[in-house]
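The structure appears below as structure tokens.
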Amino acid sequence: MSSLPEHQAEHRARIAIIGGTGLYKLPEAVVLSRLDIPTPFGPPSSPVTIARLTAPAGTSGDDGGTGADGDRDGGPVVAFLSRHGRGHSVAPQQINYRANLWALKSLGVEAVISSAAVGGLVSSHGTGTFAVPDQVLDKTWGRADTFYDGSLPTGVQHLPAAEPYSAPLRAALIAALEHRSEDFAGAGTVAVINGPRFSTKAESAALVKSGAQLISMTQYPEPMLAAELNMHFAALAFITDADTGHDGSEPVTAELVLGRLAAAQPRILAVLSDAVRTVSAGLGGAEPADDGGTWRMVPMPPGAVATVMGAAGPVLPGPLLPGTGRTAP
Ligand SMILES: CSC[C@H]1O[C@H](OP(=O)(O)O)[C@H](O)[C@@H]1O
Ligand SMILES: Nc1ncnc2[nH]cnc12
């Protein structure tokens, strides 16, 4: 493993992928370094891999319309963190979400794409398709869900959470899904249950009544923590099942989820790769893509990168921009 300063001098990853169930590494990427990153909250779920993306297997390797280079040496550099750790050893309710997001921020990451296996609660969000959630319905309990809980010398903050996902990052994912001709829902409310058990039929029906179309165990508090750290955050959700079986299918099991994710992995990687390329072009100040420029990253405010091991001890990034929790529109 390299040390953090060594890495920072060599490769800067401005985009991160958090790999969910079934995505424990980036198979086609060229690994540049693996980092054990200490945080004030303890260790993250896994080391962070810094890797250069290449074209995913089974795809044409074209640039997704972004003008970005698809060559083995020329793809964007990303930071990859496995949410459940090696061998899926960390259950959703036990994930150290704060350590995970802090570790990525400490590398200078500005945008996080979270890959998630979700259930579809209604027919508009069918099994085998993708979704890009735009709302969260939190049904978890007991999770450390803020950096502003008095454990750091940071004062009081009240995060505006009306729009928990980054609009430009969601647009990049949607553009990638369109480019790959995937069937997807461009929005959706994801209910987040505590897990690790799945829902009862009554719970599932109640979530639908509350307005949810999708169900997850991990989409809270990731978006909120990313916003507190001034990072763009969006989720690429792959719908593995119909939860308790509203469409007449068998109720979900972990085996079913894993099997469907394995089959869909090339599709998921292709979409992630395209989206990263688009975002990377935006971060580099490139002109928007031909499709009308759905992505353009606003630069982070100066001093916004966290100092993990600074002389004065751990500190949070610079002040959040008023009213948004992230960068200005
Ligand atoms: C193994 S099935 C339940 C598991 O799958 C989802 O994981 P992730 O969101 O990390 O892709 C779900 O949230 C549960 O953690
Ligand atoms: N039905 C479901 N409920 C909660 N999390 C899930 N992840 C994948 N399918 C799920």
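Placed from the backbone N, Cα and C atoms, the Cβ positions cover glycine too.
The secondary structure of His84 (phosphate binding site), as reduced to three states from DSSP, is coil rather than helix or strand. Here His84 (phosphate binding site) comes close to Gly20, Thr21, Tyr24, Ser45, Val90, Ala91, Pro92, Ile95: these same-chain residues lie at least six apart in sequence, with C-beta atoms under 8 angstroms from its C-beta. Look at TrEMBL and you will find Thr21, Arg83, His84, Thr218 tagged as phosphate binding site.
Within 10 Å of the C-beta atom of Ala242 (substrate binding site) sit 23 other C-beta atoms, taking all shown protein chains into account. The substrate binding site annotation in TrEMBL covers Met217, Asp241, Ala242, Asp243.
If you look up TrEMBL, you'll see 73-276 marked as domain 'Nucleoside phosphorylase'.
Annotated region 'Disordered' per TrEMBL: 54-73, in sequence order.
Positions annotated as site 'Important for substrate specificity' by TrEMBL: Ser199 (among others). Within its own chain, Ser199 (site 'Important for substrate specificity') has Ile193, Leu207, Ile215, Asp243, Thr244 as residues 6 or more apart in sequence whose C-beta sits under 8 angstroms from its own.
Feature annotation from TrEMBL assigns site 'Important for substrate specificity' to Ala254 (among others). There are 13 other Cβ atoms within 10 Å of the Cβ belonging to Ala254 (site 'Important for substrate specificity'). DSSP assigns Ala254 (site 'Important for substrate specificity') to a helix.
Only Thr21, Thr218, in sequence order, out of the binding-site residues Thr21, Thr218, Ala242 have a CB under 6 Å from ligand 1. Pairwise Cα distances among Met217, Asp241, Ala242, Asp243, the recorded substrate-binding residues, top out at 15 Å.
Nearest in space to Ala242 (substrate binding site), taking C-alpha to C-alpha distance over the recorded positions Arg83, Thr218, Ala254, is Ala254.
Candidate binding-site residues: Thr218, Ala242, Asp243. Those with a Cβ under 6 Å from ligand 2, in sequence order, are Asp243. Non-local neighbourhood of Arg83 (phosphate binding site): Ile18, Gly19, Gly20, Ser45, Val90, Ile95, Asn100, Ser114, Thr218, each in the same chain, at least six residues away, with C-beta under 8 Å from its C-beta. In sequence order, Pro92, Gln93, Val192, Ile193, Asn194, Gly195, Pro196 are the residues near Met217 (substrate binding site), counting only same-chain partners six or more apart with C-beta under 8 A. Annotated pair Asp241 (substrate binding site) and Ala254 (site 'Important for substrate specificity'), C-alpha to C-alpha distance, rounded: 10 Å.
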